[in-house]
Amino acid sequence: MGKTKSRGRRAEKKEAEKELLQNAQSLAGENDSKVSQPSNIPNTFFGLVDSTEIEYFKQAESTLNINAFETDEERNGFISSVLEEAQGKELKLVTNQICSKLMERLILFADSSQLKAIFETFSGHFASLAFHKYSSHVLETFLVRAAALIELELTQTDEDYNEGHGEERDKDYNEEQERRQKVQEQSLSEKKSVEEMFLNMVNELKPYLSTMIDHQYASHVLRLLILILAGKELPSTTTSNSTLRSKKSKIARKMIEIKDNEDFDRAYQTPPSFKNELREYIQIITKDLDTKRARELSIHKVASPVLQLIIRVEGLVDRERTLWHLVFAKQSEEKVPEEESFVEYLLSDSVGSHFFEGIIKNDGARPQYIERLYKLYMKDRVLKLARRATTGVYIIQALMFKLKPVEVEYILDIIIPELANLISIADNQNLDLARRIVDASIIRGNYRRDDIIQQLFLKFAPNYDLSNPQSSTSTEFLENALQLTGSTLGNTRDDWPTAEERRRALFLEKLMELDYRFIICAWLNFMALPVERFVQMCMHGVFSHVVENALVVEKDEPKNVQILRKRFLNIFQGNIVTLACNSYGSHIVDKLWNFTVFLPMYKDRVALELMGEATKVKDSNYGKLVWKNWGMELFARKKYDWKLLIKAQENEFLGVDEDTERPLKPIELKMNNLARERKEQQERAEQAQMGYNKRKLDELTGNGEKRQKVRGRRRE
């Protein structure tokens, strides 16, 4: 009898887990044989949080997350009570997966005295916290708050400092001896400045710097410390391009809804002592490095960002640029074989290219250093590097904004004729290159702008006739640029727009900013779409921005373009209310107010559609805003005033003030003449009436009798 085959999902899952475990063990064995675990990584155990404590702190974290406090005082009182409950347990809380989130929230909301107390608790254990998976994140948040406190201490006067700290020192002075002793100890701890505490922590971490460089968690703490010591901007922990956290950490923070406070995304004033500490940090890190080890770290997945940062800031304290000259050779006009091999690896490796791009973009390296590497190893193969869509092309993009103008124009001269071939629509490659080419051209005074436009039309709308655009009935421009087929457009499952869709939409918006011909091409493509498909675009989270950015009117609009604009506006007819009540579509309806300038009939059509379903529009949160922005109350009650709004918009578009005279149209001249004649007739009628009234008055009062003329000089 054959072997019985196990069936069912559980059995399959069990087999899969077993296979994964075996693979992981074999991989771990290989890694252990290659890399030995550093012996100086602290691994202090601070204890476990029991189940009852976890429940309490978990509930407290949830309460802070909801933030349902009526006042700040109520929230501060809650934070004080939680900190009091956590007193003496802080270290085991920050190393716990659940409770570390609570400690991070408490640090974000804590006041200066509470932060100082936490600082004292962490003192002596910073190394252990920096190397731990969970506490390292808490420590990063804590360091940002500490940097803000240091700046506060530097900027406030002694009177402010004493006013904020003296009361607590003196309030229990006359109580029993034990209480007095406690207050005095607290007073002494408060006298210690945050700068002193911070420097103690910096010294505590010095023995571990070489290990922190390539450690999965401690390296992030080290990067943040270097930024603070150098007085550089401390980036957000959630933005996609942040240098503060790893990609996984940024995603996790968004999922658990931990938001940064106002202390992030800014630089802080630092005391002079920090420059000395930064110099010592860099000396400790570089003293045991040789060229081979420095290059290994620069292409190490974890250590590479640390070395990028050191190269960026070492010029502040080291005129010799020690680390730069460890990684790259000294200034020379000839190629160095070992350096040439290393640069070639940087240009072809994903981690290496990130490192190379970073040191070019940042202001740390001297321009002559970058120019030397470019001329020796890259200038003669710019096009070849631009074809490396995942590595070398990013180096070329960075160089276009760092080299001298003549070198930038040389790169543009090589790439622009091949731009259409370099962009891959199917693989979504080199769209960023096209954007950077456009930016570099604009900076250089629209250098070869027409050639760039021709190449972009050749790639994204090859059948579009620039000389006769109205003959186009294709949607190839939108399809090639946005890849509508297979996108989330029209999905009923509430799918989030993808990152690729965002990149493509931003690229198309860049094209429309570059030249108005891309906008006209977009109009024609919108009109070629089925109306239902176009309405779906207007209500899509990403593609709606493309439609919105296409609603642009030129100052000196030719007649044929105005006719095309009218045709484009016709496809909105019958869908205005639907769009007005949608979160994305409402922005488009708002934009139609400006897009219908000099087309009052189309304005009336939109307003009539909104008026026809006024109740539905007003009941919608988004519709209310559209109703207000279109001045619909005036349309409903004071049509004449609404027309004045339209007139004011037209004058503003033309740049004509109300006091500035402009050439009048024939109909306006005729109306002015009629008004003048009517005014003159009215004045003559008023004068005649006044004469008649005067004569009547004279007759009634007897003043109308003729006076006898008296001749001679004396007529009394």
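Here the Cβ of each residue, glycine as well, is placed from N, Cα and C on the backbone.
Now, the feature entries from Swiss-Prot:
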- 1-11: compositional bias 'Basic residues' (COMPBIAS)
- 22-38: compositional bias 'Polar residues' (COMPBIAS)
- 162-188: compositional bias 'Basic and acidic residues' (COMPBIAS)
- 675-686: compositional bias 'Basic and acidic residues' (COMPBIAS)
- 695-707: compositional bias 'Basic and acidic residues' (COMPBIAS)
- 1-38: region 'Disordered' (REGION)
- 159-188: region 'Disordered' (REGION)
- 675-716: region 'Disordered' (REGION)
- 85-120: repeat 'Pumilio 1' (REPEAT)
- 121-156: repeat 'Pumilio 2' (REPEAT)
- 204-240: repeat 'Pumilio 3' (REPEAT)
- 288-325: repeat 'Pumilio 4' (REPEAT)
- 338-375: repeat 'Pumilio 5' (REPEAT)
- 377-413: repeat 'Pumilio 6' (REPEAT)
- 528-565: repeat 'Pumilio 7' (REPEAT)
- 571-608: repeat 'Pumilio 8' (REPEAT)
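Per-residue pLDDT, averaged across the repeat 'Pumilio 7' (528-565), gives 95.
Remote same-chain partners of the repeat 'Pumilio 7' (528-565), defined as residues 6 or more beyond its termini with a Cβ less than 8 Å from a stretch Cβ, comprise 470, 472-475, 478, 482, 484, 487-490, 496-497, 501-502, 505, 508-509, 512-513, 516, 519-520, 522, 571, 575, 578-579, 582, 584-585, 587-588, 591-592, 594-595, 597-599, 653-654. Under 8 Å from some Cβ of the repeat 'Pumilio 3' (204-240) lie the Cβ atoms of residues 38, 40-42, 123-124, 126-127, 130-133, 136, 139-141, 143-144, 146-147, 246, 249-250, 253-254, 258-260, 263-270, 274-275, 277-278, 280-281, 284-285, 288, 297, 300, 302-303, 305-307, 309-310, 312-313, 316, all in the same chain and six or more residues away from its ends. Under DSSP, residues within the repeat 'Pumilio 1' (85-120) fall into helix, strand and coil as 29 helix, 0 strand, 7 coil. Nonlocal intrachain contacts for the repeat 'Pumilio 2' (121-156), taken as residues 6+ away from its ends with a CB within less than 8 angstroms of a stretch CB, comprise 41-44, 46, 90-91, 94-97, 100, 103-104, 107-108, 110, 112, 115, 193-195, 197-198, 200-201, 204-205, 207-208, 212, 215, 217-218, 220-222, 224-225, 228, 234, 237, 244-245, 249, 263-264, 268-271. In the compositional bias 'Basic and acidic residues' (675-686), helix, strand and coil residues by DSSP number 12 helix, 0 strand, 0 coil.
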